[in-house]
Structures are given as C-alpha cells and as structure tokens.
C-alpha cells in the first residue's frame, strides 16, 4: 500500500478482510458535512434494507441480517452473485494483463462488449451501435439482469432516503405503498432470474 491509502488511514489490516470483495454490500453515506474530505463511508446493504446504518468494514461476521431472506436482501445477494460471475469471466480473459501501480484512472468499458472479450471504451460507444446489443447469449443475459437489479436497488435506496427525509419533516405524506410496490417488483425480477438460470 502507498502512504495515505484508504486501508492504512482507516487503521485496518489486509489480513482482516475477506478474500472476496463484496461490491454490492457497500453504499456511500450521504455527505453530512464538507469536513470529511473525499473519504467515502460504506454501509452494509442488508442493514440499510432494514433501516439501520452499520459501517461495512468488519461488520459482516456480526450482521444480524446476514441470512435474511426478505426480497430486498435477496436482491442484494443476487446482485453480488451476478457481479462475481461477471468478475470471474473478466479475470479469465485478463490473465495476461499487468496492473499499473498508483491511482486508478477511470476508463469504463462497454459491459456487453466486455462479456464477449472485446474491450470497447464506453466513451463514444453508442448503445444503439453496440454489436452485441441484441445478442441473447448467457453472458449478455447476466449483464442485462445485473443492470436491471442495480437500477431497482438504486431506486430502493432513493426511496429509503426520501422516506428518512420525510420522517424528519412533519406533515409529509407516507411513501409506504410505493416501497411495497418496489419490493414486489424486485421479487418478480428475482423469480424471473432464477427461472433464467435453471
């Protein structure tokens, strides 16, 4: 690690973390003040589903919702599983690449092209012109299902944030029916995903 890296500044050690990075189980905390600089705070996604905020670092063994089977927590698990499958596919194709040391420069690639081993930069790559846009293969299905899950999870987080703000302000309408609708949509999506993979 370089001096000032996020692990050293947080006081953690690399041997304490799990070997598998759980990309899904983190959400940046909304900024409370500008004094926290650029450091992001990540919270357990399962706990956020149940209106609790626990920092993600070191929380996994103690999470009371680790085995929760509610639709929102199943959505978290399914997204994690899809991300791991796609990551494994990328690692198999990138075995010869050497990573540069230092700050990572963000250079996003088209997910559909990447699923087929074609590293096409996203910038200037129009979605309508993507050669794999109408491809119905298993990998493109994974990418599309992950996109749908991510969109639903982001919508759920925004709805939860609106609900928290509404609770802080008196005389605000209740958004409970809307959240139930989103949960039912998430359950329907999960059922279709399981049918797709079986």
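Backbone N, Cα and C atoms are what each Cβ position is placed from, and that goes for glycine too.
TrEMBL lists region 'Disordered' at one of the ranges 136-158, 159-181, namely 159-181. The average per-residue pLDDT of the prediction over the domain 'DM' (44-90) is 85, rounded to a whole number. With helix defined as DSSP H, G or I and strand as E or B, the DNA-binding region (110-158) counts 29 helix, 1 strand, 19 coil. Across the range of the DNA-binding region (44-90), the DSSP-based residue counts are 28 helix, 1 strand, 18 coil.
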